[in-house]
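Data first, discussion second: the structure below is written as structure tokens.
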Amino acid sequence: MKIGFIGLGNMAGAMIGGILNRGLAAPEEIIGSAKTAETNGRMKERFGIRAVGDNRETAREADLLFLAVKPQFFEEVIAQIRDLDLDGKTIVSIAPGKSLAWLEGAFARSLAFVRAMPNTPAMVGEGCTAVCFSDGVNPQQREAVIAVLESFGRAFEVPERLMDVVPGVSGCAPAWVFMMLEAMADGAVAEGMPRKQAYEMAAQAVLGSAKLLLETGKHPGELKDMVCSPGGSTIQAVRVLEENNFRGAMMDAVIACIRKSRQL
């Protein structure tokens, strides 16, 4: 199976790295195309893949084709390739706001379309990717797509109606996790801790907490209560967060993100 990428940015790089690390394809079985010769050259040097300057060549050769360009370039890219023989190929969009019906309309026919939404932790093999499939995707194609998505993290199949909800809990969530980490570290720095150590300890605390939740399957509230001793420092910190509407602000941010995603 040949895997193609139209667009060779950070997300495509994370995906290609996962594919190669898992042995899903050899470098010579991956072809990609970017707008600039500089990007093509950099990706060829980094991964040993075939990097070309022609999106049509990428689309012709790939059995599994990822459209990894920004949403504003989608129509331009599709116009370049839609007249090709794409029957039997799987076409995966990783752009927000482009529904399966939109893809079908843009290509002017039904094909094996997939929507996937990875997030930036894919760059370190810890991505969280939501995926949904059109009716034209057969079981073998579905299996191949899931294998690729799980090569750089976890994949979750969701109904398409929830794809616009995904950014609020996954796609955009790293931004406010990083904001929280920065604020935690700033508090520690204010009390004398070196910044580098504060960042590392805060990040490890968040990483370990997430792993504890996933591996135990316990409710987040139960895990929170395990840390809050009566009259202790943790419950005092929780009180301050509650007084400052921490939960409400987080919910409002998630909902705002989702509503904006629906407008794209």
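Glycine is no exception: its Cβ is also placed from the backbone N, Cα and C atoms.
Remember, predicted model here, so these are calculated numbers, not experimental data.
Over in TrEMBL, the protein carries these features:
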BINDING   I6, G7, L8, G9, N10, M11, A68, V69, K70, P71  NADP(+) binding site
BINDING   N55  NADPH binding site
DOMAIN    2-96  domain 'Pyrroline-5-carboxylate reductase catalytic N-terminal'
DOMAIN    160-264  domain 'Pyrroline-5-carboxylate reductase dimerisation'
Which state, by DSSP, holds N10 (NADP(+) binding site): helix, strand or coil?
-> helix
Which of N10, N55, all binding-site residues, has a Cβ with the fewest other Cβ atoms inside 10 Å = N10
Among the binding-site residues listed here (I6, N10, A68, K70), which has the Cα closest to the Cα of N55 (NADPH binding site)?
-> I6
Using DSSP, what's the helix, strand and coil tally for the domain 'Pyrroline-5-carboxylate reductase dimerisation' (160-264)?
-> 86 helix, 0 strand, 19 coil
Run through the domain 'Pyrroline-5-carboxylate reductase catalytic N-terminal' (2-96) and tell me, per DSSP, how many residues are helix, strand and coil.
-> 44 helix, 19 strand, 32 coil
